[in-house]
Amino acid sequence: MYFRQFIRSLYTNSANGFIKKPRHATRSPFPDEVSHYLFRARLIDSIRLSLRSASPTPLISVVNTPNLDSFVVANAIRSAPSTESALSLVEMLEQVPHFLHSQNTLNALAKVLARGRRVAELKSLINDIEEGRFMNVHVSYMNQMQWFAAAGDLESVLRVRDAYRGSSDHVCTESFNIIMDMYADRGMDSKAVQTFQKMIDDGAVPNCRTYSIMINHLVSRGKLDEAVEVFSVLPLMRIKRTLRQYSVLVDGFVNAERFNTVTDILAEMRTDGLLPGRDMLVSLKQMQDAGFSEIDELIREMIPDDRIKNVEYSVDGSDEDESEKEEADAHIERVTDGHDENLVKLKPWLDPRALASALRRWGPAEITALEKAKFIWTTRLVCKMLRNFKSAETAWSFFCWVASQQEFTHDIYTVQRMIAILARHGHAELVEELLLKTESEGIKLPSSTVKLIIEFYGISKNADAALRVFRDIKRFCSPISQFNMMILYASLLRTLTKCGRGPDSLNILEEMILCGINPDIQTYAGLMHYFAHEGDLRTVQRLFSMVRQSGLEPDAFMLKVLVTAYCKCERAALAWRAFEDIKSFGILPDTDTKKLLVKSLWKEGMRIEAAAVEETCEEVNDILPRSLGGHIWTVSSADLTKIHAIYCSCVPKDESTD
């Protein structure tokens, strides 16, 4: 069947059904949302089984139920064993008059077509959506880029990117990530490096996925030391290091039989408080076979719970901050389809996000349904549940309830997840209660968790709670390195400024320096930006003098902060002086900052100085950046320059990155 006609027939049937049979509000047939979730899970399992079995229950009898909805269909499509079986399910839905396709079901279908490299059919589906053949369904440029990237169609990705850029002044970081990843995967190394540089030049801020792509690219080219060097810079830029990055590095160094480096990487992973992923297990067992007994405990943590037999869970979503899908320990005692040995036996379907949503109205009915379901609770599943609760109160209720369940005990991973949630929502009393509990239980938190607590208190404007946690840090944490203390001090300073506690931030800065912990350039730039915004130019000048005296070299982003601050306060003379001071380091502004400086100098009658700025910048006008890649408190332009230089090492010498 020609796919375009097939999709149109779906639209026609759905539209006709919609017109003839308008929906009316009806009472839910389920006593609570957990029961509704469990019904959906069983129905998804029945469809999955029917699509896989040699002699399945007729699919139409499974899907032709009044309670079939877009949630069930979307997840069944994603779980289909092949593109053909997914399409057969979609075709079967034509015979279900009450079913209407939604954004979720068509997104799921597009993803399946993309994974199956069915580019022509994918384009046909996108065209039909754009032409309005489905009600209340739209497709964004980012949707298209992601789908064509999954299908391996670089030409279409670039075409959509160009259309995206033509329709918007700002192009998001992920659009660059997609193209950079595709170039790296195809061995187009110089193009990948150029894309990273263009991301910075266009003012997009690289994120953790950007660096995951970069690290994977370097490892795939055998540049292991360079990959570790990029990985080591990330904490300086306050970029979260992800499980994906750790997995790629561990796999690369194990294959290179550099086991000592792997143990160092694993130690860093524990410091970051990350629960190991299952994809590391094969690599670590290679180390264990080579005699590295130090990782025995870690491997035991990663082995599936022995209470769980042949069980996994499926979820279309991201774990942590990237599109990573990994197996997890989860089990619900339900049979997919009887005991016939000729039938395919599937591992039950489970979505922690949907289950957490079903528990949002935490109450006796939900608790009873949850207990009857007899889930086996493990650290990994509990962490995923906590992550997906929208309400801190519900997360706390679940956290307390699950602690009473048989054979489950909270550990460092679940505790630190709960503490971060409470801090994010400003529940300082509960955070302190849980911290005292961890101390009494002898649980030591990683410094990364304390950093999160302090930063979240900045969001909830609770500076006093942040100071209390910081003062008691030695009670709750394992020994903290000098570097991590610097990061913690920087987080505290940022929180204090967010809470409007400028004088306290200066006192903490002085304490930090007296303790022998030197602030980095991002910390100084953040403080200067804050006091400039407050109109306290004297403190800005004092901070800049401290930068010079400490031996740190100002970067281009600090110049931008200074010049912008002085110009907004109509102090062009000070902006000119800052420009001259930093010029001695060979640093020049981006084009926007130069224009602002020249305009301010002209406005205040400093025409000679304005001409001097123009003349200085004209000498390097061809290489003057349009924008700088730095960011207040987090990323310095110097660090980005360093990372770009490292990344260039993956480009063969006979290729150009100009």
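Here, residue 1 is simply the first one shown, and the rest follow in order.
Glycine too: its Cβ is placed from the backbone N, Cα and C atoms.
Model, not experiment: these values are computed from the prediction.
Here is what TrEMBL says about this protein:
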- 172-206: repeat 'PPR' (REPEAT)
- 207-241: repeat 'PPR' (REPEAT)
- 242-276: repeat 'PPR' (REPEAT)
- 485-519: repeat 'PPR' (REPEAT)
- 520-554: repeat 'PPR' (REPEAT)
- 555-589: repeat 'PPR' (REPEAT)
Within-chain partners of the repeat 'PPR' (485-519) [C-beta distance under 8 Å, separation at least 6 from its ends]: 235, 238, 447, 450-451, 454-455, 457-459, 461-463, 466-467, 470, 473, 526-527, 530-531, 534, 536, 539, 550, 552, 633
Integer mean pLDDT for the repeat 'PPR' (242-276): 90
DSSP-derived helix, strand and coil totals, residue by residue, for the repeat 'PPR' (242-276): 26 helix, 0 strand, 9 coil
